[in-house]
Structure formats: structure tokens, C-alpha cells
Amino acid sequence: MINLDLLIIISYIISIFFIGLYYGKNTKTILDYTVANKKSNKIVLSLTLIATVFGAGSIVGDAAKVSSDGIIFIVSMTSALSMTAYVHFFADKFFDSRFDNMISAGDLSRYFYGRKAEQITAIFGILISSTSIGGQLTAVGHLFSNFFENSYDKIVILSSLLIIIYVSIGGVKSIAMISIVQSAIILSVIPIIAMWLVNKCGGISNVIINTNPQKLAILTHSKFKEYSFLFFCSWLPFLWLQPSVIQRFLMTKNKNNIKSMYNIMFFVRICFSIAITITGLCSSYLFPDINSKNIISAVIKESLPIGLRGLFIIAVLSASISTADSALNAASILLVRNIIHRNKIKKYNNHGTNDEINENHQINTKEKINENDIRSLILMRLFTIIIGSIAMFISLYDLDIIELMLIGFSVWGSGIIIPIVGATIKMPNPTYSFYIPSITTLSVCILSQLIGIRGFYIPSYTVISGLISYILCIFYYKISNSIKKNKFN
């Protein structure tokens, strides 16, 4: 590693560490620690969301996919832009006072489906957040071990300690401030890398002319069927609503901030996708014989000059750390808030009566969180350290957890999020409309593994099965209620 590159990396690590400590030292309440007191403005929210969503896989993994499969991968992912339309619809019609005192995905499940649903949501949320943390730490370990003489284990331990310290002290307040720096690095460095590679390849036209036509194909691509499934799933909002992303929604009470957050994300995702596509195609042009898994490492080692190499590494490091710290914070909140403590959010029934609420269906959310609950704050910090340490040990084993992450996010997005989204937009919320989709999607995932289904087919099948089972639950509820009313009349 050249000294200038090393200086850039060390300066970055020291900077984010002290930013995290500085802004975290005044975190003294639960609301500060979990949702930054719900006072984040649209710029902070947007940059925090960008840093949360774009992990190491969004840079290294996506560029590698483009280099191996071509532009069809990015095209299939453009359907994520539909989230902007969904968010506008949701914010205008359904983002209301119900969410004022909620701080986690578990609170949503508790509100709509009861205590057991809350606990199930928390357990699944902790599991997928932990695998996400492990995946990001593993990516950092492999990236740095290629350039430093230190071992993979030392890199993982140091990265883990960095994240654990500032997240445990400052929570989401530290994360938000660090995310501003990380987002700025990601959004400025990646386009610069893309332009540098285009210049090194002799221009984009030269890259396109010398690229395998199959990598530029869409309808005639050999993997069109698989990517069409991914395209379909990406058009739906469910897989994008990870625990840490839901937390970003709950960091404000202003619906316009939420809409602005996704307006900015819409523009950023387009620019980012173009830069990653160019990076992937140029990488394939420069190193046609290298396996796609190692191609970005080859680009960093052999194609980038001193200085730019260090900047690219801190961009990937920013993406990894920002996703890992958000997942760590979300996991500790789910554990303490939704499993250890029985919070005071009662079940709300969108239709009909329920013995836990009064006849006007007023619940509630107006029961404020005890901001001075020191015990909860201490527990959240303690379990941040514990969960982060567990994720670190998982990463030290260097397991192939990509498939596990894919399965986890598939079950979460299909079995947990579909019922939550349905209830949020005021569909009927009988308790079984939560459990049946959860059981169905988990069963589909297990069956897929047993019969050898892999790749993007897994989230596709789980989303379809989860959506169908949820719709059938709602139909059953409405038909059975209609029959009961007719009998009564």
C-alpha cells in the first residue's frame, strides 16, 4: 500500500471516529439514541438514507455483476425507483400521528398485530440485521487484506471496534452525522472512478464496441428470465424496507421530509447506477480474463493511481460502515424495545372492535416514550456492544453469508413487511393476516433451498407467495365478516 493511500484511509477512519464521539457525547435520551429526537431535517434524512441503503455490495458487488452479466442487472434494479412513487402515496395519505411515538419496525407490528407479532418482527429484524453487519465486515476484511500486510482477522476486529464504539455511545445521532461525510464521499468518488476508467479504456464508445454483445443485451440475454423476476420484485416496495430503513421513516414527523428524502434518492440512484454500470463495463474491458468476484480488487491494484486508489477504498469503506452501523443500531433497538421491554403501544384494529382499544379506536401512540428511561438507554448501549461483537465473531469465520442474507431479506420483506404495509394503508388487520404470510414465505424459502433454487428466484418466489397469502387472508376476513353480518341481519 502506497503511503499516500494509507494516509487517506487513516485520516478517514480517525475523522469518522471523532465525529461519532463528538456528536454522540450529548445523547442522553431514548429518542436521541433511536430516532435523533424525530427532528432530523430533509438533508440529514436523505444523506442518512443514502448511506444506509448503499452498502459495499452496491459498489463492489453491483459493479462485479455488471462485469459478468452486463447491463441487464442494473436495468432490473432500476425498478427500485418506484419507491419514490410509493413513498409519495404513503406520506400523503397514511403518514399520520399513529407513528409519532414509534421508533422501530417492532412498534409497527405491535400496533397493528399485537405483542407476539412484535416479538417475531424483532427476532427476524435482529437476525437479518446481524447478517447484514457480518456481510459488511466480511467485505471490509477481504478488501483491506488485499492491500495491507495485516491479516483478515485483524481488519475485521478493528472495523468492528470502530463501529461498536461510536454506535454504542451516540446511537443514530452519531450515525446521522457520520452518514453526511460518508454519503459525500460515496457520491463524489464513485463518479470520479467511473470517469477515470472510461479515460483509461479510451472512451466509452471503445468500451461498448469491445464489450461482448451478450452483456449489452436485455430481452435476448441468457438470464432474462431470472432478471425479469428480480425486476418484478423490485417494483414492489417490500424488499427495500429493511429495519434500518424503516427507522429512517420514523426519524421525522414531517411527511414532506419523507417525500423529499426519496426525491433526492431518486436522482442519486439514477446517477449512481450509471456510474456503477460504467465501472463494471470498464472493469470487464480492462480485465476480461479475471473472475468477476476479484475484478474490482484488480481494478484497485492495477488501474488506479496513487491517491485515487485510497479514495476508492474509503468510498467502499464508507458504504460498508454506514450500512453496518445502521443495522447494528436497529438490531439493538429491536432487542431492547420490542423483546426485553413490553412497550406501551397497544394493538390497533383497522376494522371492527378490539378489547384493547376503546370504541372510537383511539390508541395509544399518544402515550409518550419515557425520554429519561436511563435503564433502557444503558441496555441499548450494552446490547449494541453484544450484537456487534457477535457479528464480529461471525465475520471472523469468513462464512459465505450472501445466500443467508438473501434468504433473510426475502423472508423479512415478504413475511413481515407485506402485512405491515397492508395495515399501514388501513387494510383490515386480523392477527392471522400477519402469521400466515410469515409462515408461507418461510416455508417457500426452505422448500427453495431443498429443491436447489438459488439466486434472484428466491426473493421472487417469496414475495409472490407472501403477497398471495396476504391477499387471501384479507379476502377471507371480508367474506367471513360479510357472512356474519348477513346472519345477524
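Backbone N, Cα and C define each Cβ position, glycine as well.
Whatever TrEMBL says is automated annotation, not expert-curated.
When Cβ-Cβ distances below 8 Å are used as the criterion, the transmembrane segment (6-23) is approached by residues 162, 165-167, 169-170, 173-178, 181-182, 185, 307, 310-311, 313-314, 317-318, 321 of the same chain, each at least six residues removed from its ends. Residues annotated as transmembrane segment in TrEMBL: 6-23 (among others).
The feature transmembrane segment is assigned by TrEMBL to 70-91 (among others).
Look at TrEMBL and you will find 120-143 (among others) tagged as transmembrane segment.
Here TrEMBL flags 155-172 (among others) as transmembrane segment.
Sequence annotations record features per position, and here TrEMBL assigns transmembrane segment to 184-209 (among others). Residues 12, 47, 50-51, 54, 59, 216, 268, 271-272, 274-276, 278-279, 281-283, 285-286, 299, 303-304, 308, 311-312, 314-315, 318-319 of the same chain lie 6+ residues outside the transmembrane segment (184-209) yet bring a C-beta within less than 8 angstroms of a C-beta in it.
Here TrEMBL flags 229-250 (among others) as transmembrane segment.
Taken from TrEMBL, the feature transmembrane segment covers 262-286 (among others).
With a cut-off of 8 Å between Cβ atoms, the residues of this chain six or more beyond the transmembrane segment (306-336) that come close are 2, 4-9, 12-13, 16, 34, 48, 51-56, 58-60, 103-106, 121-122, 125-126, 129-130, 132-133, 136-137, 139-140, 143-144, 147, 159, 162-164, 166-167, 171-172, 175, 178-179, 181-183, 185-186, 189-190, 192-193, 196, 242-244, 246-247, 300, 376, 379-381, 383-384, 387-388, 391. The feature transmembrane segment is assigned by TrEMBL to 306-336 (among others).
Feature annotation from TrEMBL assigns transmembrane segment to 378-398 (among others).
For 404-425 (among others), the entry in TrEMBL reads transmembrane segment.
Per TrEMBL, transmembrane segment is recorded for 432-452 (among others).
Tertiary proximity for the transmembrane segment (458-477) is limited to same-chain residues at least six positions away from its ends with a CB under 8 Å from its CB atoms, namely 229-230, 232-233, 236, 238-239, 406-407, 409-411, 413-415, 418-419, 422, 427-428, 430, 432-433, 436-437, 440-441, 444-445, 448. Annotation comment: TrEMBL describes 458-477 (among others) as transmembrane segment.
Contacts between the transmembrane segment (262-286) and the transmembrane segment (432-452): absent, as fewer than 3 C-beta pairs lie under 8 angstroms at sequence separation of six or more. In summary, the transmembrane segment (404-425) lies against the transmembrane segment (432-452): three or more C-beta pairs, each 6 or more positions apart in sequence, are under 8 Å.
Most Cβ pairs under 8 Å to the transmembrane segment (229-250), among the stretches 70-91, 120-143, 155-172, 378-398, 432-452, belong to 70-91.
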